[in-house]
Amino acid sequence: MLKKLFSFSDRYRILHQTWFAFFLTFVCWFNFAPFATTIGKELHLAPEQIKTLGICNLALTIPARLIIGMLLDRFGPRITYSILLMFAVVPCLATALAQDFNQLVISRLLMGIVGSGFVVGIRMVAEWFQPKEMGIAQGIYGGWGNFGAFGAEFALPILAISTSFFSGGASNWRLAIALVGIITAIYGVIYYNTVQDTPRGKVYKKPKKNGSLEVTSIKSFWAMMISNFGLIFALGLLAWRLEQKKIHFLTLSQMYLTWLVLAGLFAYQSYKAWQVNRELLTGKKTYPVSERFQFGQVALLEFTYITNFGSELAAVSMLPAFFEKTFGLEHVVAGMIAATYPFLNLVSRPSGGLISDKFGSRKWTMTIISVGIGVSYLMAHFINSNWPIPVAIAVTMFAAYFAQAGCGATYSIVPMIKKEATGQIAGNVGAYGNFGGVVYLTIFSLTDAPTLFSTMGIAALICAFMCAFFLKEPKGSFAPAYEGEASETATKSSVFLTEE
């Protein structure tokens, strides 16, 4: 595959167009962090408000990834991604025109929807590439797309400075953010007109039922319910944070009302899950062994994504301000240094997928990388102003490599679970990455950077233990074609994790 990577024909063209779509959504999603201190000074924001905006940036991505996953499985990645790209201009312009904290909160909440675009490409890539090369294909998609976070950290400050003549010599952050949204919307139109959901002659397989994931055992149903509650909890945590005295975006009664709405959302979500799985729960339907999958394995992948992508979200959001305050740097310089973290996505996430393809065990690849995440963040815990800046950068890049390689390893497994429900499963796993980001950034907003780093390190080591003892090796994960598919033509269901 690597030899033909830059041929830009057939499936490789689709891969490149799709990772670039993801790249643009990430540039949009992270366009606030490089300007956090500048915006804070201009709009007179307190440090706690800036931290809260970082949490808001992640919040709606949690339900959005679930919804996008269902829409994706029903309508296909071409339509879903195109609409999402065109929508990106709305929160970008809202941020660029914001005049106070409340307007920024609304714009960053909407921007979280754009951050759900990652899920779409997972299904697109899974349709065009074989299981034996799924790791590297998903790694390139995820890694090169995630490079958009670097594009935001590094390029946007330069763009803002280069257009400063429009704002009387001051850094023109508003124009930089607006331009990114406009470019992304234009690319959405291009994407719609130039890609296809599947190779010619291949059937795009859709779930038989919509509204919730169809599981194959009662045990998996209850595991899914617990998983769904965790995501609602993350949104409730955000509402609590927005009610705190130093933030006070919500009143106490508004917070309780938000919790009530979230409880209603969970009840509705549970009803839809029961409706989709009613025949299973009432004993009217049983699934043959070949069609079963364990939702517990999905839950483990959700945990891995908390520790790798969740920590990456937190790090990318707080590192510019961390370097600026710890070492007394100018915000542009601090942003460029912090950009070394997302910069590594270009190679680290693909390498995680490639190692998973070549190592011979996706389970042990995931376990070893999780250990690396834990150790590297525990090292970052000790960074302070007495450290040489190059050493601090090196430790940051060490943490970045393992966190991003872990993302590649996670999504080398996700498409192997149940092919026709890849969107929903990828949405669940991806949403838990945002869950991790919200929890980690909430911890950061209440404590400090060393506490955040140690928390992320300990969580990753616990995850490594869970993977070593409970994660199962996906069946058929090194096969030349999906189970039941003859080369490019889909005929039967593709299920790779069987329930015992």
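Positions of Cβ are set from backbone N, Cα and C atoms, glycine also.
Here Swiss-Prot flags 19-39 (among others) as transmembrane segment, drawing on sequence analysis. Distant neighbours of the transmembrane segment (19-39): 45, 50, 53-54, 57, 81, 84-85, 88, 91-92, 95, 104, 108, 111-112, 114-115, 117-118, 120-121, 140-142, 144-149, 151-153, 155-157, 160, 171, 173, 176-177, 180-181, 183-184, 187-188, 191, 316-317, 320-321, 324, 331, 335, 342; these residues of the same chain sit at least 6 beyond its ends, with a Cβ under 8 Å from one of its Cβ atoms.
Marked as transmembrane segment by Swiss-Prot on the basis of sequence analysis: 52-72 (among others).
Under the heading transmembrane segment, Swiss-Prot lists 79-99 (among others), citing sequence analysis as support. Below 8 angstroms of C-beta separation, residues 18, 21, 24-25, 28, 31-32, 43, 68, 71-72, 106-108, 110-111, 113-114, 116-117, 120-121, 124, 174-175, 177-178, 180-182, 184-185, 187-189, 191-192 of the same chain, each at least six residues beyond the ends of the transmembrane segment (79-99), sit close to that stretch.
For the transmembrane segment (109-129), same-chain residues at least 6 beyond its ends with a Cβ under 8 Å from one of its own Cβ atoms are 1, 11, 14-15, 18-19, 21-22, 25-26, 28-29, 32, 56-62, 64-65, 67-69, 72-73, 77-78, 80-81, 84-85, 87-88, 90-92, 94-95, 137-138, 141-142, 145, 195, 197-199, 202, 204, 411, 414-415, 419, 422-423, 426-427, 430, 434. The feature transmembrane segment is assigned by Swiss-Prot to 109-129 (among others), with sequence analysis given as support.
Per Swiss-Prot, transmembrane segment is recorded for 147-167 (among others), and the stated evidence type is sequence analysis.
The annotation transmembrane segment is assigned in Swiss-Prot to 175-195 (among others).
The transmembrane segment annotation in Swiss-Prot covers 220-240 (among others), and the record cites sequence analysis as its basis.
Sequence annotations record features per position, and here Swiss-Prot assigns transmembrane segment to 247-267 (among others).
What Swiss-Prot records for 364-384 (among others) is transmembrane segment, and it gives sequence analysis as the kind of evidence.
The transmembrane segment annotation in Swiss-Prot covers 389-409 (among others) and is backed by sequence analysis. Same-chain residues lying 6 or more positions outside the transmembrane segment (389-409) and placing a CB less than 8 Å from one of its CB atoms are 135, 138-139, 142-143, 146, 304-305, 307-309, 311-312, 315, 319, 323, 326-327, 337-338, 340-345, 348-356, 362, 365-366, 369-370, 372-373, 376-377, 379-380, 383, 433.
Swiss-Prot lists 425-445 (among others) with the feature transmembrane segment, giving sequence analysis as the kind of evidence.
Sequence annotations record features per position, and here Swiss-Prot assigns transmembrane segment to 451-471 (among others).
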For the transmembrane segment (175-195), sequence-distant contacts whose Cβ falls under 8 Å of one of its Cβ atoms, 6 or more beyond its ends | 14, 17-18, 20-21, 24-25, 27-28, 31-32, 35, 77-79, 81-93, 95-96, 124, 152, 156-157, 159-160, 163, 166-167
Determine which residues of the chain contact the transmembrane segment (220-240) at the Cβ level, with the cut-off under 8 Å and only residues 6 or more beyond its ends counted.
-> 55-56, 59, 62-63, 66, 213, 250, 255, 258-259, 262-263, 265-266, 269-270, 273, 277, 280-281, 293-296, 298-299, 302, 428, 431-432, 434-435, 438-439, 442, 499
Surrounding residues of the transmembrane segment (147-167) on its own chain - C-beta under 8 Å, 6+ positions past either end = 22-27, 29-31, 33-35, 173-177, 179-180, 316, 320, 331-332, 335-336, 338-339, 341-343, 345-346
